[in-house]
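**Q** Heads up, here are the entries from TrEMBL:
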type: REGION; residues: 1-139; note: region 'Disordered'
type: COMPBIAS; residues: 9-19; note: compositional bias 'Basic and acidic residues'
type: COMPBIAS; residues: 22-36; note: compositional bias 'Low complexity'
type: COMPBIAS; residues: 48-58; note: compositional bias 'Basic and acidic residues'
type: COMPBIAS; residues: 98-137; note: compositional bias 'Low complexity'
type: TRANSMEM; residues: 314-337; note: transmembrane segment
type: TRANSMEM; residues: 382-407; note: transmembrane segment
type: TRANSMEM; residues: 413-437; note: transmembrane segment
type: TRANSMEM; residues: 449-474; note: transmembrane segment
type: TRANSMEM; residues: 480-502; note: transmembrane segment
type: TRANSMEM; residues: 540-559; note: transmembrane segment
type: TRANSMEM; residues: 571-597; note: transmembrane segment
type: TRANSMEM; residues: 609-629; note: transmembrane segment
type: TRANSMEM; residues: 641-669; note: transmembrane segment
């Protein structure tokens, strides 16, 4: 079910740090503008159905669940004071994926070891009439962009490449959470809010902004205020309140932190309705409690959310649906296609013994053209090499996920893995593209190599430039710093491009020849007129529909995890769906290639690639449906980020599945023409 409106259940990409961090992120859309109190769920049941929240009274405070993964004793450390804060503004929320737990740092021996945290706040709109997952917050801002109590000099934490790409900006928070030291209504600072400050807070409260913090690598969330509508439809008559007292409830076992929750004191409110100066005393309370929960199980709450029975039923239904599709398609090929091929073999063998003056028809009689090299063979080879690289990248990412690298809240781990693995696999693209280009008797292999390097990186770079400019205009943390951009450019210059060149040189020197069972005639045979449904676009529509129908159920959970706050941990099921996707794509491409050859259309090279990759267009079409029907995203920044980066992802899908479709079709064509006698 979608995240509970009473709890900002957004799941940012997590990651461990030796220092705890507190970060603020945008809250998922709530059903009511004002948050209400919910006790932290137990480890065995962390998801709260939205139906149950409809009948709840307006939230009085927020207590999100949190936990972390087991960690080796060699990395123990004791939680201590200090936190980092930042706030994000995300107009909507989205589910996130996660994986099995990996080690995370434990408390140090020193009870006063500093802990870090980041906090962030984001707006989320209420959707009382629609049961939709929260969409990913596209706008994230620093915590101190709102006029909270801030030190004279904000101390920022060093971050890994993946964390920066994820939009994390960790800074020290003004709260001191010493290990097993309670504080009751301790003052953070007295602050006089100007009219401009009041307007900023009121705007954030009206949009349901919330903050996110980290303590000992455990995330915690809370709304910064609430709206009391009083049953009045006119927003000008609503009351806006700021929470000024934050209460931290921390559970520990021996010398290790097990869980941390945060909620607010409903009696400590600041009225922000009017534009006037307000004096505010910000307070916080810390309560430590012992728990028998072992340290190794503190992350189970996150990883178990995807393993709830009703979630598993949906996932298994998706697998069964995909398997049925594969079985039907396999049965079609086995009973129809192979029988037709057998009849063709018998017919062609009989024709060889018959008179030579009979009319020629069928796929055998284009054997002199079927292996004629395609047009734009440099572009074709580059697309094949890039698709192979993306396939290798996807395979390595799945392997890392299955071994538990991408556990919940491993901040930036996925982005780091994508950048590093893409750089290291560039040699595969260079080798495949150049070797195949030389097999097609291409001569300008250097141009082909440069085209291979820019075929995917070029559109991705242009999209990034536009979206990063938008993020800079919005002053969001999604805008990459100049130093990070330089690091990425250096990785591409010093790692990606050299490996691409080395792979190209190896491919050129491989001196392999294209294996064609039949000789190609000097002049191409004329293709007979074909009905409209045998043209490229209708064939692509038919080829993309079946693979998409095999993955569309699981696709929802992927979108909810990439563009929302849902945690995804069932990577094994996702891997099975990915294998089914490859099988269905290969089978449907082979079937359509046979029908194309049977109609004496020998230009199957590009057609097989386009039919295999057409699933990417269906996925992008699903993006439109998800945006308008299943999410609450709005605003230019969120819309541009969603459609911009999804266009790049679908383009990668197109190249990868196109390569799979062509390889399957090439294997099939070689097989059938080896089985007949070609003159």
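Don't overthink the numbers, they just go from 1 along the chain as shown.
Note that Cβ sites are derived from N, Cα and C of the backbone, with glycine treated the same way.
Automatic prediction, not curation, is the source of TrEMBL annotations.
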**Q** Can you see whether the transmembrane segment (480-502) and the transmembrane segment (449-474) are touching - at least 3 CB pairs under 8 angstroms, only pairs 6 or more apart in sequence?
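**A** Since 3 or more Cβ pairs under 8 Å link them, the transmembrane segment (480-502) and the transmembrane segment (449-474) do come into contact.
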**Q** For the transmembrane segment (413-437), could you work out the same-chain residues 6 or more beyond its ends whose Cβ comes under 8 Å from its Cβ atoms?
**A** 13-15, 160-162, 165-166, 377-378, 381-382, 384-386, 388-389, 392-393, 396-397, 400, 405-406, 445, 448-449, 452-453, 488, 491-492, 495-497, 499-508, 510, 512
**Q** Please indicate, using numbers and ranges, the residues of the same chain that are 6 or more beyond the transmembrane segment (571-597) and have a C-beta under 8 Å from a C-beta there.
**A** 99, 315-316, 318-319, 322-323, 325-326, 329-330, 332-333, 337, 340-341, 363, 366, 370, 394, 398, 401-402, 406, 534, 539, 542-543, 546-547, 550-551, 554, 558, 604, 607-608, 611-612, 615, 657, 660-665, 668-669, 672
**Q** Would you mind listing the long-range same-chain contacts of the transmembrane segment (540-559), meaning Cβ under 8 Å and 6+ residues beyond its ends?
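**A** 94-95, 97, 133, 314-315, 317-318, 321-322, 325-326, 329, 566, 568, 573-574, 577, 580-581, 584-585, 588-589, 592, 610-612, 614-619, 622-623, 626, 630, 657, 661.
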